[in-house]
């Protein structure tokens, strides 16, 4: 049995392309692999807290030294990290906002990138602790940020996500980018291509 963590980050509901596509991926996977367990987290509708001063103090001090206040400050982060580490694979639905990810998803990443939980630091430098896992990241973009587009230089979304998840040890990442979703006929073609990519990804995942 494979444990999958499915996360959406769009604040939109029915009109969200990233939600629609990530749901299609998970539904198709569930149909093909009914024995697998799928956990779901909706960051768009149920955002996690941003880090604050108490969180930082707790994250960079031994748990046995925590006061009740520091223990409470880090409690949600501990729960999120536990959930994250319990998964074998990840499906993320991520819209592009201002060339990058929604702040809700950034807040989540800040909560799970934790010294001695998901990344370690020693004399040799940083080492990701989340190894041997896979991720599919489904993005939705209003414009064309594909590799052949002049606007690709504005795509800070995919490079950031590759970097931050690679930093904690997840390097087996497949992106399914739905571009040009604000462009009429191009939207229809882009969604069709994304759906085809979803089927290919499921066959290979």
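Cβ coordinates are placed from backbone N, Cα and C, and glycine is handled just like the others.
What you are looking at is a predicted structure, and each value in this text was computed from that prediction instead of being measured.
Database features (Swiss-Prot):
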BINDING   10, 16, 17, 18, 96, 97, 98, 99  FMN binding site
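Everything Swiss-Prot records as a feature, shown here on the structure.
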residue	record	DSSP class
10	FMN binding site	coil
16	FMN binding site	coil
96	FMN binding site	coil
Residues 10, 16, 17, 18, 96, 97, 98, 99 binding FMN per the record - widest CA separation, whole Å: 17
Listed binding-site residues (97, 99), ranked by Cβ neighbours within 10 Å, top entry: 97
Residue 96 (FMN binding site): tally of other CB atoms within 10 A of its CB: 24
Local Cβ density at residue 18 (FMN binding site) - other Cβ atoms counted within 10 Å: 27
Densest Cβ neighbourhood among 10, 16, 98 (binding-site residues), 10 Å radius: 10
Distant-in-sequence Cβ neighbours of residue 17 (FMN binding site), under 8 Å, six or more positions away: 95, 140, 178, 181, 191
